[in-house]
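Record features, source Swiss-Prot:
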BINDING   ASP16, ASP18, ASP20, SER22, GLU27  Ca(2+) 1 binding site
BINDING   ASP52, ASN54, ASN56, GLU63  Ca(2+) 2 binding site
BINDING   ASP91, ASP93, ASN95, GLU102  Ca(2+) 3 binding site
BINDING   ASP127, ASN129, ASP131, GLU138  Ca(2+) 4 binding site
DOMAIN    3-38  domain 'EF-hand 1'
DOMAIN    39-74  domain 'EF-hand 2'
DOMAIN    78-113  domain 'EF-hand 3'
DOMAIN    114-149  domain 'EF-hand 4'
Amino acid sequence: MEDQIRQLKDIFDRFDMDADGSLTILELAALLRSLGLKPSGDQIHVLLASMDSNGNGFVEFDELVGTILPDLNEEVLINSEQLLEIFKSFDRDGNGFISAAELAGAMAKMGQPLTYKELTEMIKEADTNGDGVISFGEFASIMAKSAVDYFGLKINS
């Protein structure tokens, strides 16, 4: 936890251009862009408002920690375990990969049957090394990308 706080402080200080101990909306936008995110102006305003617990229009370091670290501390560990469980539920034969047939079966079981076109598009998008199956790493990447898209932020390609 201390390492995470130290890393977060380094990042915060790097983007606190005037070294006043707080991030302006422009400094927050620069920090987000450095992480590969492309939030719109409205999204940055909403994010700043949600982080700005003292209502002064800036994000202080403790507000950043209060927003980010609870998630890093508990949620990330829980989510990686949950992600592995989801992956295993798709990987019916337990070989460490999700085949097209396993993906189709799992989606149908969840009440979301796929057309052949949808299935091939999903495999193509997730299968970054082109071996025809989805590894856990590829599965985790596509799930992370989906989460980023869900929150309305875009990753630089």
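Using the three backbone atoms N, Cα and C, a Cβ is placed for every residue, glycine included.
What you see is a predicted model, and the numbers here were worked out from it, not measured in a lab.
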Long-range environment of the domain 'EF-hand 2' (39-74) - Cβ separation under 8 angstroms, sequence gap at least 6: 1, 4-5, 8-9, 12, 21-25, 28-29, 32, 152-153
Same-chain residue ranges lying at least 6 outside the domain 'EF-hand 4' (114-149) that approach it to Cβ under 8 Å: 37, 80, 83-84, 87, 90, 96-100, 103-104, 107-108, 155
Residues of the domain 'EF-hand 4' (114-149) by DSSP state, where helix covers H, G and I: 25 helix, 2 strand, 9 coil
Rounded inter-Cα distance in Å - ASN56 (Ca(2+) 2 binding site), GLU102 (Ca(2+) 3 binding site): 52
Residues from the same chain, set at least six apart from the ends of the domain 'EF-hand 3' (78-113), whose C-beta lies under 8 A from its own: 119-120, 122-123, 132-136, 139-140, 143
8 Å Cβ shell about ASP127, ASN129, ASP131, GLU138 centroid, Ca(2+) 4 site members excluded: ALA126, THR128, GLY130, GLY132, VAL133, ILE134, SER135
Spatial separation of SER22 (Ca(2+) 1 binding site) from ASP52 (Ca(2+) 2 binding site) - C-alpha basis, Å: 10
Chain-internal residues near ASN54 (Ca(2+) 2 binding site), provided their CB is under 8 angstroms and they sit 6+ positions away: GLU60, GLU63
